[in-house]
Amino acid sequence: QEFRFLRSEIKRTYPQLAALTFPSKQWFFNLSGSLIKYRQVMLGKYLNEIILLDPQPLELTIFLEVIGHVSMNTNRDSLHSGQSLMRASSTGALEISQPTSVHDFKLIKVLGKGSFGKVFLVRPLNAYANEVYAMKVLRKKEVVKRHQVEHTRTERWILENIDHPYILKLKYSFQT
């Protein structure tokens, strides 16, 4: 969706760039490995064509500012549910870290708003400069009031177990 928004903004501002190759949306069977790979390659080519423009469009700069915050080095396979974590230290001894909480993150900006809460772009306080996460904050009272508790649990389970290139995996989960 962000790529489509980028394309529409660039087409609006620079009509001469409308001819740049952009992968079309496919409504059915859109999760096949070959289609996902094709779309990744085509989106990469599209971005490369725009990056080579001189001067670079302001829309691209704004788009890349957000993308630049995403760390490709984060461990997507670990889920921490607020428990204490045991890690091997450089000396070989096990260290026990404190439980992760909402206070361990710095708010960067709001990514979106919904009927049950907001999604924030956050950075762990002890993280590298490029390590960021999306933090979804739900108002529990609204979820219960609208009888969406089971849907919320299902969403959490899916995000814990999903392995998909376009869907973020759940890394932390906690209640305040």
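Using N, Cα and C of the backbone, Cβ positions are placed for all residues, glycine too.
Those TrEMBL annotations? Automatic predictions, nothing curated.
Residues or ranges marked as domain 'PX' in TrEMBL: 1-77.
Annotation comment: TrEMBL describes 105-176 as domain 'Protein kinase'.
Counting Cβ atoms from all protein chains shown, Lys136 (ATP binding site) has 20 others lying within 10 Å of its own Cβ. Secondary structure at Lys136 (ATP binding site), as computed by DSSP, is strand. The feature ATP binding site is assigned by TrEMBL to Lys136.
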Exercise. Going by DSSP, how much of the domain 'Protein kinase' (105-176) is helix, how much is strand and how much is coil, in residues?
Worked result: 19 helix, 26 strand, 27 coil
